[in-house]
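See below for the structure under consideration.
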Amino acid sequence: MSDQPRIGLPLVLVGPMGAGKSRVGQRLAATAGAPFIDTDARIAERYGAIDEIFAREGEEYFRVIEREVVAEALREEAVVSLGGGAVLHDDTRDDLARLAVVWLQVSREAVAPRLAGGNRPLIADGGLDRWSAILEARRPLYAAVADLTIDTSRRSVGRIVDDITERFGGER
Ligand SMILES: Nc1ncnc2c1ncn2[C@@H]1O[C@H](COP(=O)(O)OP(=O)(O)OP(=O)(O)O)[C@@H](O)[C@H]1O
Ligand SMILES: O=C(O)C1=C[C@@H](O)[C@@H](O)[C@H](O)C1
Ligand SMILES: [Mg+2]
């Protein structure tokens, strides 16, 4: 008998840039012995670096390929970390209504050091003010799809993983 916690799959992480979706998703999947999919990473594998896609083809095109990758990922029995803007797509929000979704939140103060050095095209100009404006525009979308909300600002990755396994444990 494995003593790995069992969680219902797919288990989906949403939230703004820098909230910890990739880091928490990876750790959660490893802890639960589940596959991990990061849709940003899958897009980059197939189509090239995300900042280059934005620069070359624009955001609208990015959202089309993002939707394809997200739709495929949500059909897999995996921990799935979505890109920050994936919830903008109506079909993705419809899919998420039927799945276990965790909204990782983070304060403006806590996210500042986490964003340092990243390659995030939407906040390349505008920095933290732009990050806050994007979050406010999307807040109702995250709220609409979330089954569990966790403020990660002052919480370790390990504690966040425990919070999630506590809420969604024993469903596999
Ligand atoms: N709970 C936490 N406490 C402190 N630092 C964290 C926490 N979670 C993540 N980080 C750090 O914050 C940074 C951003 O995390 P991560 O890349 O997982 O965010 P993300 O939500 O996937 O962002 P993006 O939407 O840009 O992909 C990383 O350096 C990560 O190590
Ligand atoms: O918040 C967003 O719209 C984005 C977040 C990242 O995860 C990437 O998906 C991309 O940089 C766009
Ligand atoms: Mg990420």
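Glycine is treated like the rest: Cβ placed from N, Cα and C.
Keep in mind the model is a prediction, meaning the values are calculated, not measured.
In this structure, S22 (ATP binding site) is part of a helix by DSSP. Neighbour list (S22 (ATP binding site), Cβ cut-off 8 Å, at least 6 residues apart, same chain): D38, D40, A41, S81. The annotation ATP binding site is assigned in TrEMBL to G18, A19, G20, K21, S22, R23, R120, R155.
Annotation source TrEMBL lists Mg(2+) binding site at S22.
Secondary structure at G84 (substrate binding site), taken from DSSP and collapsed to helix, strand or coil, is coil. Counted within 10 Å of its Cβ, the other Cβ atoms near G84 (substrate binding site) come to 22, all protein chains included. Positions annotated as substrate binding site by TrEMBL: D40, R63, G84, R138.
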Surrounding CB atoms that lie within 10 Å of the CB of R23 (ATP binding site), all protein chains: 19
Entries of G20, G84, R120 (binding-site residues) sitting next to ligand 2, with Cβ under 6 Å as the cut-off: G84, R120
Cβ under 6 Å from ligand 1: qualifying binding-site residues of G18, S22, R138: G18, S22
By Cα-Cα distance, the member of binding-site residues R63, G84, R138 nearest K21 (ATP binding site): G84
Nearest-integer angstrom distance between the alpha carbons (Cα) of A19 (ATP binding site) and G84 (substrate binding site): 9
Cα proximity to G18 (ATP binding site), best match among binding-site residues R63, G84, R138: G84
